[in-house]
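Here is the structure we will look at.
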Amino acid sequence: MGASILSDLGTEILIPVCAVIGIAFSLLQWVLVSKVKLSPGRDPGSPRNNGAGGKNDCADYLIEEEEGLNDHNVVLKCAEIQSAISEGATSFLFTEYQYVGIFMVAFAILIFVFLGSVEGFSTKSQPCTYDQSKICKPALATAAFSTISFLLGAVTSVVSGFLGMKIATYANARTTLEARKGVGKAFITAFRSGAVMGFLLAANGLLVLYIAINLFKIYYGDDWGGLFEAITGYGLGGSSMALFGRVGGGIYTKAADVGADLVGKVERNIPEDDPRNPAVIADNVGDNVGDIAGMGSDLFGSYAESSCAALVVASISSFGINHEFTPMLYPLIISSVGIIVCLITTLFATDFFEIKAVKEIEPSLKRQLIISTVLMTIGIGVVSWVALPSSFTIFNFGDQKVVKNWQLFLCVAVGLWAGLIIGFVTEYYTSNAYRYLALMMLFIFLVSSSILIDFNTSCALSCSPVQDVADSCRTGAATNVIFGLALGYKSCIIPIFAIAVSIFVSFSFAAMYGIAVAALGMLSTIATGLAIDAYGPISDNAGGIAEMAGMSHRIRERTDALDAAGNTTAAIGKGFAIGSAALVSLALFGAFVSRAAISTVDVLTPKVFIGLLVGAMLPYWFSAMTMKSVGSAALKMVEEVRRQFNTIPGLMEGTAKPDYATCVKISTDASIKEMIPPGALVMLTPLVVGIFFGVETLSGVLAGSLVSGVQIAISASNTGGAWDNAKKYIEAGASEHAKTLGPKGSDPHKAAVIGDTIGDPLKDTSGPSLNILIKLMAVESLVFAPFFATHGGLLFKIF
């Protein structure tokens, strides 16, 4: 069927070189960020010392004088606050990782025991699963290497999250200080810091996976089926750590956020991030452990799982059967090219175009998505041409389906562009200043004319859904909640259509492998997506530091503008994560069905249907647990904040300092305690169902959780994002409509704060964690599939 143009040697050079370039670029961005000093001292040539300073020194001096700032005091204060945030975040993560480390070791032992017992811990070679005429490595080897790859994935996920947190806490105060020089300087600092995390995570994930494959190949030799079955543990390790990071970090940040908002804003009528609020440091710490560390681990898990799903299917297709190394590593080559594309895209934000006004921030971030998508489409075309034969076969549930290289290009491209559509639809439903109204109205009309109700309510034609939600605050919190819930439910429609089209096109062309590479296409620009995502919490922290350091109102306005753009782009990032999770889970589901030797999944079979019902229920059970966990932790936080305001003399007057440490401890203790039950639910469900009810029922559970979980995740994330930006829309008062709802402290504003508080656990805890639930259960089922197929279904065997 022909050979690929790119040689195997070229592939062996291309992948690690691209990964190293990504790491080097991230380090360069870190060096540029580190040039912003958190020291009040000046160079000897500074104008304040001997007048011999350079041009930049003079410029800085004039700006500081213009802002009326005492440079020494402000910088020292920013450094002190940054240190407190960094210490709190580091302390929490180390505490969390101690518990997670115990789980990691215990689950690694479980993987080895369960998979090793498939053939009675035999060390003899055995007939291959997919081709009985060939001899493959023993099950004990698969157990050992699956355990190693699980630990590799887990450690890489933990390191990714931790590095992201350290980078964010390193950059937050620097962003604040750069805001004195203008919004453009602050934007570049925040975005470069996000890029450090994005490129480090993408490059490290790729490099570790590539090295693991080559090391495992030394033992497995020509048994590529066994090799890539063992590699699936990498995805399981990544997602299992991401689950605890997302849930634990989400509970931490929202407990602090809810406590700070309810008592500070609603009861005491003080500004957000006011240093008098005892929960303010815990709130800023939470941004880093939840939105940065948790999100980094989450997207790393998606990347690892989509790669593993594609590699497993490819290993039993013509690529693996004929030992075609370059086509086999097609998923990794896509990710390698994605790093280069994202590098070029980043330069558009940091070097090619300068941000000169607040209104340019959000368009610049959106440009990143569009540019990376367009360039990546070209990159995918080139990769599909040089790395794939003109024709090949893909495993399709027992058969081999003939596929052309242009068809596989379309599979990846449709996933890539579906991600962009989902991102911009998410932006439409969560942004308070939508600018592409005509195009979106046409697109929405083509999908469902009922959505046009959004444009015919109390707002004029130019209103976005978020402005509609803000307008509903006129009549109180109840109508705000009603409008927000309706917005979230409605926001599911277009993303689900986009995911459905992606699935249909990719499966039609290349079966389950097509779906896996479509998910990889959606994640191919992960470095840019992470940079944009991490930018938001860094900007949020920068605003908090500006408030706590007592900087001028102008500085706070600049950081608020950065933060508002970050909120919208964070919602876009969540949309990408959820969309990719749906495709990844379906690809893993297909690989599980193949590995468990299930011929058909018939929903009319009682075994499958009961699994379908239970699976559809699980996201609700999981969401209930995480929401209640946030509520319980927030209750303790509210009580503590009230106690301090009532018992510390001079706290409201600003003459006494609050006890920040107690609030940090409340969030830490609550999140560590409360993350265990939801995590246990997700990790134990596949094991219990597979062992006691068998692979058919488990296939129903996976399908049900996928269908239900995606809808809830989208609606929860968008509802929370809309409530958050509705509150910010009122606070900013940037339009005549917004001014009629404000100012801060008005009844509509208080109603908006209540809506935002309700939405916090939806958008930052339950919603983001659900995409991990559907991915993690699928990849766990895939890893344990041989054990379930051999020893599972105990209850049905007994009865």
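Cβ atoms are placed via backbone N, Cα and C, with glycine included.
Annotated transmembrane segment per TrEMBL: 13-33 (among others), in sequence order.
Under the heading transmembrane segment, TrEMBL lists 99-118 (among others).
Feature annotation from TrEMBL assigns transmembrane segment to 138-165 (among others). Listed as Cβ neighbours of the transmembrane segment (138-165) (distance under 8 Å, sequence separation of 6 or more from its ends, same chain) are residues 89-90, 93, 97, 100, 104, 107-109, 111-116, 118-119, 121-126, 197, 200-201, 204-205, 208, 212, 216, 219-220, 226-227, 229-242, 245, 288-289, 292-297, 300-301, 304, 534, 783, 786.
Marked as transmembrane segment by TrEMBL: 186-213 (among others).
Here TrEMBL flags 328-349 (among others) as transmembrane segment.
What TrEMBL lists as transmembrane segment is 369-387 (among others).
Counting same-chain residues at least six beyond the ends of the transmembrane segment (407-426), those with a Cβ under 8 angstroms from any Cβ of the stretch are 330, 334, 366, 369-370, 373, 376-377, 380-381, 384-385, 388, 436, 440, 491, 494-495, 498-499, 501-502, 505-506, 509-510, 513-515, 517-525, 571-576, 578-580, 583, 717-718, 721. The transmembrane segment annotation in TrEMBL covers 407-426 (among others).
What TrEMBL lists as transmembrane segment is 433-453 (among others).
For 576-598 (among others), the entry in TrEMBL reads transmembrane segment.
Here TrEMBL flags 604-622 (among others) as transmembrane segment.
Residues 6, 167, 170-171, 174, 189, 192-193, 195-200, 202-204, 206-207, 210, 329, 332-333, 336-337, 339-340, 343, 346, 350, 527 of the same chain lie 6+ residues outside the transmembrane segment (13-33) yet bring a C-beta within less than 8 angstroms of a C-beta in it. Note on the transmembrane segment (369-387): residues 4-6, 11, 326-327, 329-330, 333-334, 337-338, 340-342, 344-345, 348, 405-406, 408-409, 412-413, 416-417, 419-420, 423-424, 521, 524-525, 528-529, 532, 572 of its chain, located 6 or more positions outside it, place their CB under 8 angstroms from a CB of the stretch.
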